[in-house]
Amino acid sequence: MAPPRPSSPLPAWATANALFRRHRRLLPLLLPASSLRDLLPVLSYCLVSGLARNPFVASRLLLASSGLALPFSLLLLSHLPASSLSPFSFNSLIRASPPGLALRLFDQMRRRGVPPDTYTLPFLIRACSGSDPLLCQALHGQGSRLGYGCHLFTQTALMNMYFACGSVVAACKVFEEMPARDVVAWTGMVSGYVDSGMYLKAVEVFQEMRCADDLVWPNEATVVSVASACAGLGSLEYAKGLHSYVEKIGLERELIVRNALVDMYGKCGGIESARGLFCLMQEKDLHSWTAMISVLASHGHGKEAVALFFSMLEAGVHPDSTTFIVVLSACSHAGLVDEGIHVFNTMESEYHVSPSIKHYGCMVDLFSRAGLIHRAYEFITSMPFEPNLEILGALLSACSINNELEIGELVLNKIESVCSYKGGAGVLLSNIYANQNLWQEVDTIRRKIRTEAIARKPPGQSLIATEVPYTSL
């Protein structure tokens, strides 16, 4: 029986591979299987013919099955002879495993006499990313004992792992110890600082990268990370400097870069620059539209944001969950109640996006800002899940503004029953009592606040942004 004709082109190396030329029924191993059932015929053939003892075939079987059913891959691994196993076999499983299982696979790899290669430690480190700092240090030591302490792939993975577990100093030390750095290492350092909220440091690393002796050029991922840093700083000067540099090196044509620049300008207050970039984009994807809608909404141009949303629909672009959050927020801030209701009602019926608690929160905020207190409360009671403090607090604040005592009391009771932290809910209700001259109730609720029957609001913090020292990007 002839093997099934591949539906997608084979890798170039496969057509010249003697093993695949002799055994055409192995060809499905080169293409992604849609389900474990699709993989079973070729697996049966490999086991019956004895080809599963071939290290290359065994590694392809494990790779193909690991993306479909990891428990099945582990069962297959336990039945394969040690002679058929290679570092690639274990690497495929380690990279697809959660931290604990990845560590056990690494231990089994050594017990079965399979030596790790240059990719084993990076895969193991990535699998354990975000774990306890002590585990990070243990893996760091393991890399040094195995002789991969100065290997670039391992060092980059270690740096990213230290950032993920919050050990910024350790991540910087690994970066500084790298004998040579490629664009992945530089980008990892920039994005690590961004994820840690150290935006100015991220920009400084990017500037250092541009002046480095090894002539490493930034790629799209680097630019996106630096754009996030500029957005975090809120510096329009840095934003314009990055844009000029991106044009200079020819990366502005990339869609992901343009999307990042639009978002960056919006967060730096450059709404006209964002609008100009968006209008010049010949190709736009969902992220392009969502970024521009968000820019308009966040700068008080709610009606324009909603109009752009409907233009996106006319262009045949289907919104996702994030797009709906952005446009519902725009409706809320612009007071577009009917438009917001229409958008919310079409989410699931037309676009198959199930509303989350964030979408419900936007609707409660929409009704509350419009003074539709009873409508907002009815909407909360119809939600398929319990409201959180953010939603209830928005309604209680609206009750305070509109002097709605009856609903305010109901909302406070709801907050006390479902929220462990009550925020300043009691203060808002006491303000309503005060507006209606109900001083006994004011005194009662204030006493509860003072005795911490209602949790006190945590002390506030303020941040004064000093002038950011500008150096041209």
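Cβ atoms here come from the backbone N, Cα and C positions, even for glycine.
Sequence annotations record features per position, and here TrEMBL assigns repeat 'PPR' to 182-212, 285-319, 320-350.
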Would you mind splitting the repeat 'PPR' (320-350) into helix, strand and coil residue counts from DSSP? 28 helix, 0 strand, 3 coil
Treating G and I as helix alongside H, and B as strand alongside E, what does DSSP give for the repeat 'PPR' (182-212) in helix, strand and coil? 26 helix, 0 strand, 5 coil
What average pLDDT is reported by the model for the repeat 'PPR' (320-350)? 94
What are the DSSP helix, strand and coil residue counts for the repeat 'PPR' (285-319)? 26 helix, 0 strand, 9 coil
